[in-house]
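Participant: Please see the structure below; I have some questions.
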Amino acid sequence: MYHEKQQRELCALHALNNLFQDKSSFSKSQLDQICQNLSPNEYINPHRSILGLGNYDVNVIIAALHMKDCEAVWFDKRKDPSRIDTTKVIGFILNVPSNYKVGFVRLPIQRRHWIAIRQINKEYWNLDSKLDAPLCLGDESSMLQYLREQLQSNDKELFIVCTSEVDKSQQWLLPDNEQR
């Protein structure tokens, strides 16, 4: 199992590579180029940190996924995750708040952190780059319960990652009368 660990502010890069289970899926230079393409005339690019160390926003993730013919579909947390047809998705990306630390000192600055979740060998895994190793969430039912718990917080967002074809027909969403 491939698992990139956190370096600098590159959690978006790590989440993408962990999601696709390939360290060469994306590079920092590719994500920086996406930022440049999104805002070519900006001196300070609004899609990453001022220092250029990462901290990429959702627009960069969406553009990167488009390079793989994939989409990031925002999940309406008013719906239950059991409405997701997990057989039609590649995985999930969670966006969660994260405290900013310099060494051991926490600063009163709130940042955002990207986390990949996907199925590998019939089990779902939390591939958070801040973890020392991937965390097994278990079967589909356990993973859906984990997502339910995460989405109870107003400051967390879930994106379903699927192919563009699945997104066009919304095959990732089960009909109202079906749930897993």
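In case you wondered, yes, glycine gets a Cβ from its N, Cα and C as well.
TrEMBL lists these features:
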- Cys11: active site (ACT_SITE)
- His113: active site (ACT_SITE)
- Asp128: active site (ACT_SITE)
- 1-176: domain 'Josephin' (DOMAIN)
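Quick one: where do these features end up spatially?
Facilitator: There are 27 other CB atoms within 10 A of the CB of Cys11 (active site), with all protein chains counted.
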Participant: Do you know offhand how many angstrom separate His113 (active site) and Cys11 (active site) by C-alpha?
Facilitator: 6
Participant: Expressed to the nearest Å, what is the distance separating Cys11 (active site) and Asp128 (active site) at their Cα atoms?
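Facilitator: Between the alpha carbons of Cys11 (active site) and Asp128 (active site) there are 8 Å.
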